[in-house]
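Here is what Swiss-Prot records for this protein:
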type	residues	note
MOTIF	80-108	motif 'Q motif'
DOMAIN	111-380	domain 'Helicase ATP-binding'
BINDING	Ala124, Glu125, Thr126, Gly127, Ser128, Gly129, Lys130, Thr131	ATP binding site
MOTIF	244-247	motif 'DEAD box'
DOMAIN	408-566	domain 'Helicase C-terminal'
Amino acid sequence: MILSRSVSVLHLCGVSSSAPSKLLSQRFKVSFALAYGSSVSFRLSSLNRSDRKWVRGFASATEAEVEKKGNDTFFADHTVSWKSLGLSDNVSIALRDSGFDRPSLTQAVCIPSILSGKDVIVAAETGSGKTHGYLAPIIDQLTNTALDSEVTNREERPFPLKNISLILCPNVMLCEQVVRMVNGLVDEDGNPLLRVEAVCGSQGWPDRLPDIIVSTPAALLNNIEPKRNRRLEFLRCVKYVVFDEADMLLCGSFQNQIIRLINMLRFDEKQVSRLAKSNLGRPMEIDASVPQIDLENEDDAEFDEGSISEEEDEEEEEEYLDDIAQMPSVEAEAGSDTKKGWRRVRKIYTRSKQYIFIAATLPVNGKKTAGGILKHMFQDAVWVSGNFLHRNSPRLKQKWVEVTVDSQVDALIEAVKNNNNTNTERTMVFANTVEAVEAVADILEKASIQCYRYHKNHKLDERANILADFRETGGVFVCTDAAARGVDVPNVSHVIQADFASSAVDFLHRIGRTARAGQYGTVTSLYTEANRDLVEAIREAVKMGQPVETAFSRKRGFRNKVKKRAFLKAEEAEEPQAVRY
């Protein structure tokens, strides 16, 4: 991944009201948090669709639908309805009553995949409808299960043995957003179809287990690990596990927490499988049609169902990371019985949980990238890819403005004023640091442009209120990348990069705040000489119709590779096909 190692031309000090367009001489460094530690660029077999065999682990299935519908690159064909995808009447009506008359292309493919019961990995562009794409089928299945349960059993026990869904998000704001979306799907009486609770921030464990728990990894572990009974019953109840923003959750500081949770969930699957195969106790119903999963042979070292020591926890994580390091190459034949690189014998256990991974950016080249880890851990998963994953949306107009220290403020004010003609317009302005956000906001306000300020120095409740006001009233929203990933603000017509993104990943998430849900949008990117390499790489990829992922590479010669990929066909082994729309 190429990073912009520039010093921001926005500065910390105030700008005099008499000269709002002049920049002070002091400049500050921008600190970067590396989202990915390794080079990640996907290999393309060919630009010709007919020749593609393995592109990001996805197969072509319905690409022709986009061409057939012409300019409609968001919605599925008009003949596709919520009910035709397999959803019940209750959920279909709830979606329509919430304003979702038709499924998007993403939803039309991922909903049947999730309803099939298989593990699903959804990698689709921002604003393509991924959240409702996984919520709808999960709510549908949980609703059907709830109808078969006795209400008295649900009320009497805080942890009834029923199916529930666990949704993991990287931060509190995204957790609360998912909760709002679940509560937005209501029945004919206006009541939510299912009970949902957030376990994050100041919100502790619910008194009565809901149908859906939305949590951050750390908050969930803090609430289930200290209490043995809670942990065991909770893990047994979890039927559907969703990892929203999966690329972030599988990298960096989240990785060990996610590994810990997956180990717990998979061990419970192993225990359920053992109980089903034995004649002890009452028989347990296991769906034989659900695929099986490889788990470690732990017969010689049983899982301690009491408290888990730090030493045991670290040992499990080290073993798992060793497994990742020993993963077979991506060229290995799909479905091969030979597990190259695995040191321990593994057994097959019957599946009792479904794992769903959601991401807008998902690099797969490299064993330790998020996509590489998923390809290894969930080899039988269905992969769903958006047509514009890592690409420039055809509904998005991009403007590129190279600026200097003397011209950046004027360019910024002009870009904001050109789009802020009415109070209802929504413009998001991105800067790389908290200090830069404050500097940009000061500049705009001295130019008589009122704006919101959004960054990590605000408390969670303050951020929630700021975001709610912006959603409701519009205006100019100056923010860090805290608002770039996953946050859904409808009708954002313009995104401005006052500081250019530090990586191609950040760039994709920023521009994904506009042109969402089939709408059109504009992105104005201000960049300096220090950003030029990254900008040229992205622009070249966009111009050639290549994924912006080609700009993820750290190597200086990657631009030549972009050109070569248009003419050379890579020699790659055929991988298991999945769904591409």
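Using the three backbone atoms N, Cα and C, a Cβ is placed for every residue, glycine included.
Overlay of Swiss-Prot feature records on the structure.
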residue : record           : Cβ contacts under 8 Å, 6 or more apart
Ala124  : ATP binding site : Thr106, Cys110, Lys130, Ala360, Val384, Ser385, Gly386, Leu389
Glu125  : ATP binding site : Ala360, Gly386, Asn387, Phe388, Leu389, His390, Arg391, Ser393, Gly512
Thr126  : ATP binding site : Ala360, Leu508, His509, Ile511, Gly512, Arg513, Arg516
Gly127  : ATP binding site : Asp488, Gly512, Ala515, Arg516, Ala517
Ser128  : ATP binding site : Phe74, Ser104, Leu105, Thr106, Gly386, Phe388
Gly129  : ATP binding site : Phe74, Pro103, Ser104, Thr106, Gln107, Ala517
Thr131  : ATP binding site : Val178, Met181, Asp244, Ile358, Asp488
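Residues of the same chain lying 6 or more positions beyond the ends of the motif 'DEAD box' (244-247) and with a Cβ under 8 Å from any Cβ of it are 35, 121, 131, 167-170, 174, 178, 357-363, 370-371, 374, 485-486.
Take the mean position of the Cβ atoms of Ala124, Glu125, Thr126, Gly127, Ser128, Gly129, Lys130, Thr131, the recorded ATP site; other residues of that chain with a Cβ within 8 Å of it are Ser104, Thr106, Gly133, Ala360, Gly386, Arg516. Secondary structure by DSSP for the motif 'DEAD box' (244-247): 2 helix, 1 strand, 1 coil. All protein chains included, Lys130 (ATP binding site) registers 24 other Cβ atoms within 10 Å of its own Cβ.
In the motif 'Q motif' (80-108), helix, strand and coil residues by DSSP number 16 helix, 1 strand, 12 coil.
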